[in-house]
Ligand code: PRP
Ligand code: URA
């Protein structure tokens with residue numbers, strides 16, 4: 001199974017707070033944003049740099065800047081929106097591509113309802129964000145959409161992943177790195193991650 005679990009103490013501490021049963025909507029939102037920021041820092045660790053000459057305070061100086069086209073962040077509606085501001089704190093000029101998928105509660109299959117992707121995906125890194133990777137259906141469907149539009153560099157940032165979902169994504173898209181705060185135990189009979197966080201979308205939007 002291929003997944004990068006970031007064991008930074010701050011990430012693990014914030015995840016522990018998120019798992020509390022009586023966490024408020026406000027706290028869940030804030031922690032999700034903070035975790036997204038920390039995970040995005042890890043996920044962007046290998047962005048390529050290029051030397052650029054600038055006018056510095058004492059004359060010309062060669063500095064290192066991120067190479068290539070601005071990356072695109074891809075929140076999966078709804079819950080991915082909860083991670084968006086945290087990621088944008090680190091990459092404020094990123095383009096945003098939005099994908100709407102709702103998991104059918106009975107079949108657990110993702111049902112697409114919205115797609116608005118930025119252009120020139122062929123030479124842009126796409127960072128998919130979604131708090132939960134459960135069966136993996138939503139993530140695989142999103143990667144399929146991006147690849148259909150020519151995207152070749154894709155990473156996914158999730159807060160909690162289930163082994164079942166990681167296996168599905170690894171099999172369908174072995175080139176896509178998954179960065180997570182935790183690889184949890186398993187899915188229950190309703191497709192919820194155990195121990196997980198419960199319904200992340202409902203907790204972020206207060207629709208419980
Ligand atoms: C949740 C979650 C993921 C998906 C994960 O969204 O945010 O998108 O389920 O499940 P999967 O790996 O089995 O596909 P949901 O469809 O409940 O929609 P929401 O974000 O609008 O609550
Ligand atoms: N979606 C969630 O929000 N939580 C889960 O545990 C699984 C899918």
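Just so you know, glycine gets a Cβ as well, placed from its N, Cα and C.
These numbers come from a predicted model, not from an experiment.
Feature annotation from TrEMBL assigns 5-phospho-alpha-D-ribose 1-diphosphate binding site to 78, 103, 130, 131, 132, 133, 134, 135, 136, 137, 138, 199. Annotation source TrEMBL lists uracil binding site at 193, 198, 199, 200. TrEMBL lists 5-207 with the feature domain 'Phosphoribosyltransferase'.
Here the features listed in TrEMBL are placed on the structure.
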residue: 78; record: 5-phospho-alpha-D-ribose 1-diphosphate binding site; Cβ neighbours (10 Å): 17
residue: 130; record: 5-phospho-alpha-D-ribose 1-diphosphate binding site; Cβ neighbours (10 Å): 27
residue: 132; record: 5-phospho-alpha-D-ribose 1-diphosphate binding site; Cβ neighbours (10 Å): 25
residue: 134; record: 5-phospho-alpha-D-ribose 1-diphosphate binding site; Cβ neighbours (10 Å): 26
residue: 136; record: 5-phospho-alpha-D-ribose 1-diphosphate binding site; Cβ neighbours (10 Å): 26
residue: 138; record: 5-phospho-alpha-D-ribose 1-diphosphate binding site; Cβ neighbours (10 Å): 27
residue: 193; record: uracil binding site; Cβ neighbours (10 Å): 26
residue: 198; record: uracil binding site; Cβ neighbours (10 Å): 17
residue: 199; record: uracil binding site; Cβ neighbours (10 Å): 14
residue: 200; record: uracil binding site; Cβ neighbours (10 Å): 25
Within 10 Å of residue 200 (uracil binding site) by C-alpha distance: pick out those among the binding-site residues 78, 130, 132, 134, 138, and say none if nothing qualifies. 78, 130, 132
Please give me the binding-site residues out of 78, 130, 132, 136 that lie within 10 Å of residue 199 (uracil binding site), comparing Cα atoms only. 132
Sorted by sequence, non-193, 198, 199, 200 residues with Cβ within 8 Å of centre, uracil: 131, 132, 160, 192, 196, 197, 201, 202, 203
Secondary-structure category, per DSSP, in which residue 200 (uracil binding site) falls: helix
Distance filter, Cβ under 6 Å of ligand 2; input binding-site residues 78, 136, 138; output none
Cα-Cα distance maximum in Å, computed over every pair in 78, 103, 130, 131, 132, 133, 134, 135, 136, 137, 138, 199 that the record assigns to 5-phospho-alpha-D-ribose 1-diphosphate: 17
Reduced DSSP state (H/G/I helix, E/B strand, rest coil) at residue 130 (5-phospho-alpha-D-ribose 1-diphosphate binding site) is coil
Of the binding-site residues 134, 136, 138, which one has its Cα closest to the Cα of residue 198 (uracil binding site)? 134
In the three-state DSSP scheme, residue 136 (5-phospho-alpha-D-ribose 1-diphosphate binding site) belongs to coil
Among the binding-site residues 78, 130, 132, 134, 136, report those whose Cα falls within 10 Å of that of residue 193 (uracil binding site); none is a fine answer. 132, 134
